[in-house]
Amino acid sequence: MLESNYTMPTEFLFVGFTDYLPLRVTLFLVFLLVYTLTMVGNILLIILVNINSSLQIPMYYFLSNLSFLDISCSTAITPKMLANFLASRKSISPYGCALQMFFFASFADAECLILAAMAYDRYAAICNPLLYTTLMSRRVCVCFIVLAYFSGSTTSLVHVCLTFRLSFCGSNIVNHFFCDIPPLLALSCTDTQINQLLLFALCSFIQTSTFVVIFISYFCILITVLSIKSSGGRSKTFSTCASHLIAVTLFYGALLFMYLQPTTSYSLDTDKVVAVFYTVVFPMFNPIIYSFRNKDVKNALKKLLERIGYSNEWYLNRLRIVNI
């Protein structure tokens, strides 16, 4: 450990979930399956949106960006976590820790803004259909995306810089499975009040404001839906809105629970369980909740599979001709 006014360990050690090897192997297999499904589902959605002309609209443009963020957010955490399940020494360098913290926080904050943009897009389409092309023009969509990535990167960089200016002259054992801000603040032997206040302020602003936008948008949508005379149209829209609201509530609930509580009441074991859901599990379910229940996406997927099947059939026929 470096001895100076600014003290930083040469490495951080993760406690992880358990030291019992059979359970670690089981968790490795479970999370490997979850990560694989996350990658396949989100990559497939991105491909569908980009190759299908019927999906070239703002809603699916935001969905493809959400899928990219889910892939990125999960990739920032899961590969290292999987490696640590099978490693005897679950360590990470300070630079690796800083990078992991930066990328995860960037993608998580950007995802909050993308979810808000998606809710606003649905509000514009259902509540103001005549103004939809103006409210959700290509320029507006690009501005939403740029704002999401820029604000996510900026706030994340601030957190990382302030966190790694602290001294860690005590233990270097992180009771977590990745480098997150609260457990590192708990390890510091210097005053972390500024860090805690800034974490609370930025998280309150980004997470609370975007959640309010989402809630108001869906509330207006539901009010509009109540005026629909067709019971079938009402039930379909209610079903879609309900699934989206449940997913958003769970995602934001986990984030608010993690980052808007004081360090003094920080429960390491409880927060690890909560963190698993928003870092590993939610990215797997987002494509199902937001996309694959959608008729347009199902049709696009069906056409893609038919195209692949036709290509394979054509290739096999060519092989038969050559063999003859």
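Keep in mind that glycine also has a Cβ here, set from the backbone N, Cα and C atoms.
The shown structure was predicted, so the numbers you read here are calculated from the model rather than taken from an experiment.
What Swiss-Prot records for 1-25 (among others) is topological domain 'Extracellular'.
Residues annotated as N-linked glycosylation site in Swiss-Prot: ASN5.
Sequence-distant neighbours of the transmembrane segment (26-46) (same chain, 6+ residues past either end, Cβ-Cβ under 8 Å): 17-18, 63-64, 67-68, 70-71, 74, 78-79, 81-82, 85-86, 280-281, 283-284, 286-288, 291-292, 297, 301. Residues annotated as transmembrane segment in Swiss-Prot: 26-46 (among others).
Annotation source Swiss-Prot lists topological domain 'Cytoplasmic' at 47-54 (among others), citing sequence analysis. In terms of DSSP secondary structure, the topological domain 'Cytoplasmic' (47-54) contains 7 helix, 0 strand, 1 coil.
Taken from Swiss-Prot, the feature transmembrane segment applies to 55-75 (among others), supported by sequence analysis. Sequence-distant neighbours of the transmembrane segment (55-75) (same chain, 6+ residues past either end, Cβ-Cβ under 8 Å): 35, 38-39, 41-43, 45-46, 48-49, 103-104, 107-108, 110-111, 114-115, 117-118, 121-122, 125, 136, 141, 144-145, 148, 279-280, 282-283, 286-287, 290-291, 296-297, 300.
Taken from Swiss-Prot, the feature topological domain 'Extracellular' applies to 76-99 (among others). Residues 8-16, 24-25, 27-28, 31-32, 35, 38, 107, 160, 163-164, 177-179, 184, 279-280 of the same chain sit 6 or more residues outside the topological domain 'Extracellular' (76-99) yet have a Cβ under 8 Å from a Cβ within it.
Taken residue by residue with DSSP, CYS97 (disulfide bond) is part of a helix. As annotated by Swiss-Prot, disulfide bond applies to CYS97-CYS189, with the evidence given as sequence analysis.
Residues annotated as transmembrane segment in Swiss-Prot: 100-120 (among others).
The annotation topological domain 'Cytoplasmic' is assigned in Swiss-Prot to 121-133 (among others). Tertiary proximity for the topological domain 'Cytoplasmic' (121-133) is limited to same-chain residues at least six positions away from its ends with a CB under 8 Å from its CB atoms, namely 58-59, 62, 217-218, 220-221, 224-225, 237, 241, 244.
Under the heading transmembrane segment, Swiss-Prot lists 134-154 (among others). Residues 58, 61-62, 65, 105-111, 113-114, 117, 121, 124-125, 128, 206 of the same chain lie 6+ residues outside the transmembrane segment (134-154) yet bring a C-beta within less than 8 angstroms of a C-beta in it.
Secondary structure of the topological domain 'Extracellular' (155-196), assigned with DSSP and counted as helix (H, G, I), strand (E, B) and coil, comes to 20 helix, 2 strand, 20 coil. Annotation comment: Swiss-Prot describes 155-196 (among others) as topological domain 'Extracellular', evidence class sequence analysis.
With a cut-off of 8 Å between Cβ atoms, the residues of this chain six or more beyond the transmembrane segment (197-217) that come close are 109, 112-113, 115-116, 119-120, 122-123, 151, 155, 158-159, 162, 181-182, 185, 245, 248, 252, 255-256, 259-260. Among the features that Swiss-Prot reports, transmembrane segment is placed at 197-217 (among others).
The topological domain 'Cytoplasmic' annotation in Swiss-Prot covers 218-237 (among others).
Marked as transmembrane segment by Swiss-Prot on the basis of sequence analysis: 238-258 (among others).
Annotation source Swiss-Prot lists topological domain 'Extracellular' at 259-271 (among others).
Sequence-remote contacts of a segment are chain residues at least 6 beyond its ends whose Cβ falls under 8 Å from one of its Cβ atoms, and for the transmembrane segment (272-292) they are 17, 31, 34-35, 37-38, 41-42, 44-45, 60, 63, 66-67, 70-71, 73-74, 77-78, 81, 104, 108, 118, 175-178, 180, 243-244, 246-247, 250-251, 254-255, 257-258, 298, 301. The annotation transmembrane segment is assigned in Swiss-Prot to 272-292 (among others) on the grounds of sequence analysis.
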Composition by DSSP (helix, strand, coil) of residues within the topological domain 'Cytoplasmic' (121-133): 12 helix, 0 strand, 1 coil
Packing count at CYS97 (disulfide bond) (other Cβ atoms within 10 Å of its Cβ): 25
Sequence-remote partners of the topological domain 'Cytoplasmic' (47-54) [C-beta within less than 8 Å, at least six residues beyond its ends]: 60-61, 63-64, 296-297, 299-301, 303-304
Beyond the flanks of the topological domain 'Extracellular' (155-196) by at least 6 residues, Cβ under 8 Å: 1, 5-9, 11-17, 76-77, 80-81, 84, 92, 94, 96-98, 100-106, 109, 202, 206, 258-259, 262-263, 266, 268-269, 271-272, 275-276, 279
